[in-house]
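Notes for the one structure printed next.
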Amino acid sequence: MSVEPFIGLSALLFTIGAVGVLVRRNAIVVFMCVELMLNACNLAFVTFARAHGNLDGQIAAFFVMVVAAAEVVVGLAIIVSIFRTRRSASVDDASLLKL
Amino acid sequence: MTSLSSVVLAATEHAEVVPVAADGVFSWVWLVVAIPAISAAILLIGDGAGDHGPLDRFGHLLGTAASIASFVVGLVAFVALLGRDAAERAITQDLWTWIQVGGFDVTMSVYYDQLAALFVLLITGVGSLIHVYSIGYMADDPRKRRFFGFLNLFIAAMLVLVLAGDYLVLFLGWEGVGLASYLLIGFWQEKRSAAVAAKKAFIVNRVGDLGLALGIMLMFAQFGTTNIHEVGLNVSNASQSVATALGLLLLLGACGKSAQVPLQSWLLDAMEGPTPVSALIHAATMVTAGVYLVVRSAAIYDLSEVARTAVMVVGTVTLLFGAWIGCAKDDIKKALAGSTMSQIGYMMLAAGLGPAGYAFAIFHLITHGFFKANMFLGAGSVMHGMNDDVNMRHYGALRKMMPVTFVTFAIGYLAIIGFPGFSGFFSKDKIIEAAFATNFWAGLAALIGAGVTAFYMTRVMILTFFGDKRWREGVHPHESPKIMTIPLIVLAALSIAGGALTFSSWISDWLAPVTGEEHHDLPVPAIVITAVIVLVVAVGVALAYVLFGRRDVPETAPQNVSVFTRAGRADLYGDAVNEALLMRPGQYLTRSLVYVDGSGIDGAVNGTAELVGDGARGLRRLQTGFVRTYAAEIFGGALVLVLALLAVNLA
C-alpha cells in the first residue's frame, strides 16, 4: 500500500482548513475549518498507523475525535451566545481582546 | 594667666563632690518640673470644647498658680539645702531609666545642687512674676489660654534643663526651651514678621544644638557615659584635645542658645513675641542657658585653656557687639535686646575666665535676670499705654503719666548701668575686676562696654520718660493696672537688693563646690578699678545726656548718620553676613543638587521607564483583538518551527 495519496489528501484537507480559518469571517465556517484540520490530522495518523502496523496512531485519532467532540460543544455554545448578544457570527466583530 | 597648678587644683576640687541620694524634702524636688508640665498639658490639650470653656476663662489662673506652686517647692528645697553641710549639698535622685540600649544607659534623674538651686529660684520666681504680669498684659487676647500653656511648658523645660543629671536629659530641656521659644515668638502667628522671626530663631538655634549634640556624642564615644558628674570625673583622664573639642562643641551650643556671636542674629528678631515672653525667655532665663551650660561643664573647661579662651573671646566680642546695636536702635525692645546680648556677653566673658569667674557669671546672670526682666516688663507697660507703639521717638515725657513704670524702670536702669549700691554695680564690677586680673584686653573691653551700656540705657531713659511729648495722635498714655505694676515693683526691689548675694562673698562660697574657686591678685587695689568703672559709666551717662537730653529728638530717625549708627541699625550686618556666607552658597548648592537630581538621577530613572513604556506601546499594536490575526500568528510560528526543524535535519 502506498501512503502518498493518503498523506497528500491529508495535507490538502489541512491546507483548505488553515486557509479557511484565516480568510473566513463567519464563526461557524471557521469552526468547520478547524474540524477539517483535525480530521486531516486524523487521516495522517491512521495512514501512518496502517503503514507501520501498530495501533498508536489509531488511538491518537480516537483521542482527537473525543477532544473535537468536546470542543464542538464548548465552541458552539460560545458562538451561540456571542450571536445572541451581538446579532452577528462574524469573528471580526468580537475583537474586544485588546486595550 | 592661669597657672597649671591651679588648673589641677580646680579639677580635683570637682572630683571631691560626691552626690548623695535624695531624702526628705529633696525627694520631692521633681515636683518643680512636674507641676508646670502637668499644667501645660492641661492647658494645651485639655477641654477642647468651644472657645468659652472653663479653661479659656480661668486657664491663665491655673498657669500662674502652677508657676507659683513650683516656686514654693523650689523655695522649700532651697531653704532645706541651706541647712545642710557644704559636702552634702549635691543631691541626686534617679526617677526612672529613660534609655537602655546595650551599654548605653540614660537615667532620668534630678541633680539638685547649689547651682541648680539658684536657677530653680530664678526661673520659677521671675517666671511667676511674669505670669502674674501676663494676666494683665494678655487680658484681651482671645488665645491667652494657649499663651499660658506655652509659658508653663517653657518653665517645665527650663527646669528640666537645669535639674538634669545627664547631658542627654539636659539636651531634652534644651530642645524644650527652644520649642517653647519658637512657639512664643510666633505667638501672634498671623503677623508675618512674627512667624518669620520664630522660624529664624529655631533655625539659628539648630546650628548651636548641632554643636551640643556632637559634644554629647563625643562624650559617649570617649567615656561611654553622658552623666554630667561622671563625664566630669572621666574628663580629667582624657587627653587635652578631647577636652578642647568638647569645650568648643559645648561653646557652639551655648552661642546658639545665648545669642552670642556668631549665632546672635535671631535675638533681635525674637522681640516680635509678646513682651512678657521677651522678658522671661529672651532676657532673664532661656538665653542664659548657654552660660549655665559652660558653668555646669566647668570640669571640661578647667582642662582646656583653648576652650576657655574661646569662651572669653566670644563673650568679649558679643558684649561690645550688643552694646553697639543697643546704641542705634529706636525700637525700645530691640535696644533692650541688644543690651541683653551685651550683658550675656559679660557672663560669657566671666565664664571664660575659669574658676575665677564662674561664680561671678552666675551672680551677674541672676542680677541681670532681675533688672532686665524688670526693664522688659516696664517696656511692655509703656507699650501697653502707647497702643503697642515700640518706637521710642514717639514716646517722651512719660514719667508723669506712668509714675510706677517710670520709677521701677529707673531702678532697673540704675542697676544695669552699675550705679553704686544697685545689684548690677556689684555683679558687673566683679566681672570687670576678674577680667582685668586675668587678661588686660578683656578687662578693657568690659570697661568700655560698661561705658557704652550707660550711654545707650541713658538714651532709652531720656527718649522714653523725659524730653517733650512726641506722642502720635489718638494715643493717651496711662499707667498700667496693678496686676502689671506689682510684678514691676517686686522686680525693682530685687534689682536693688540682688547685690546682697555677694556680701561677704556669699555666692562665691556657695558655688565653690560646683565651680571651684580661684583668686587672682589685681595689679591695682580693687577700689581703684571700681572708681574707674564708676567714672567711665558717668562719662557714658553724661554723653547721652548731652546728645539726647539737651536737644530735641527728631520724630523720625535721621538718615544722614555716621557709618557706625548705620551699621548698628542694620544689626552690624549680621543678617547680611549670614546671607552672603551661608544662605546664598547654600541656595546655590541646593539648586545645583536639585538640578543634578532632576535631570541626572530622575532623568535616568524616568528615561528607563519611558523607554519600557514606549516599547510596550509599540508592542501593544500587535494585539489587534482579531481572532484571525492570532490564528495567522500561530500558523506563522508553526511554519517557522517546522522549517527550522527541517533545516536542522537536512543540514
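Using N, Cα and C of the backbone, Cβ positions are placed for all residues, glycine too.
For the domain 'NADH-Ubiquinone oxidoreductase (complex I) chain 5 N-terminal' (B:98-148), the model gives a mean pLDDT of 91. Per TrEMBL, domain 'NADH-Ubiquinone oxidoreductase (complex I) chain 5 N-terminal' is recorded for B:98-148.
Summarising the annotation, TrEMBL assigns domain 'NADH:quinone oxidoreductase/Mrp antiporter transmembrane' to B:164-450.
Long-range neighbours of the transmembrane segment (B:25-46) within the same chain, counting only residues 6 or more positions beyond its ends whose Cβ lies under 8 Å from a Cβ of the stretch, are 55, 59, 62-63, 65-67, 69-70, 73-74, 76-77, 80-81, 91, 93, 95, 110, 112, 120, 124, 145-146, 148-150, 152-153, 155-156, 159-160, 163. Summarising the annotation, TrEMBL assigns transmembrane segment to B:25-46 (among others).
Look at TrEMBL and you will find B:115-135 (among others) tagged as transmembrane segment.
According to TrEMBL, the feature transmembrane segment maps to B:147-165 (among others). Here the transmembrane segment (B:147-165) has Cβ contacts under 8 Å with residues 19, 29-30, 32-34, 36-37, 39-40, 43-44, 59-60, 62-64, 66-67, 70, 92, 107, 109-112, 115-116, 119-120, 123-124, 127, 130-131, 134, 138, 141, 172-177, 179-181, 183-184, 187, 227-229, 274, 276-277, 280-281, 285-286, 289, 292 of the same chain, all six or more residues outside its ends.
Beyond the ends of the transmembrane segment (B:171-189), by six or more residues, the same chain brings 143, 146-147, 150-151, 153-154, 156-162, 164, 195, 197-199, 201-202, 205, 209, 212-213, 216, 253, 257, 269-270, 272-274, 277, 281-282, 286, 289 to within a C-beta distance below 8 angstroms of the stretch. As annotated by TrEMBL, transmembrane segment applies to B:171-189 (among others).
According to TrEMBL, the transmembrane segment annotation covers B:201-223 (among others).
According to TrEMBL, the feature transmembrane segment maps to B:277-295 (among others).
The feature transmembrane segment is assigned by TrEMBL to B:307-326 (among others).
Tertiary neighbourhood of the transmembrane segment (B:346-366): same-chain residues 2, 6-7, 10, 115, 118, 122, 254, 258, 260, 288, 290-292, 294-295, 298, 301-302, 308-316, 318-319, 424, 426-428, 430-431, 434-435, 437-439, 442, 445-446, 449, 498, 501-502, 507-508, 510-512, 514-520, selected by CB-CB distance under 8 Å and a gap of 6+ residues from either end. If you look up TrEMBL, you'll see B:346-366 (among others) marked as transmembrane segment.
Residues or ranges marked as transmembrane segment in TrEMBL: B:440-466 (among others).
For the transmembrane segment (B:486-507), same-chain residues at least 6 beyond its ends with a Cβ under 8 Å from one of its own Cβ atoms are 126, 129-130, 132-133, 359, 362-363, 366-367, 370-371, 373-374, 377-378, 381, 404-405, 407-409, 411-412, 415, 421-427, 430. According to TrEMBL, the feature transmembrane segment maps to B:486-507 (among others).
The transmembrane segment annotation in TrEMBL covers B:527-548 (among others).
Within the chain carrying the transmembrane segment (B:630-650), a Cβ under 8 angstroms from the stretch's Cβ atoms is held by none of the residues 6 or more beyond its ends. Positions annotated as transmembrane segment by TrEMBL: B:630-650 (among others).
Within the chain, the transmembrane segment (B:115-135) has long-range Cβ neighbours (under 8 A, six or more residues past its boundaries) at 32, 60-61, 63-64, 67-68, 70-71, 74-75, 77-78, 81, 144, 147-148, 151, 154-155, 158-159, 162-163, 274, 276, 279-280, 284-285, 292, 295-296, 362, 365-366, 369-370, 373, 377, 380, 483-484, 486-488, 490-491, 510-511, 514-515. Counting residue by residue with DSSP, the domain 'NADH-Ubiquinone oxidoreductase (complex I) chain 5 N-terminal' (B:98-148) contains 29 helix, 13 strand, 9 coil.
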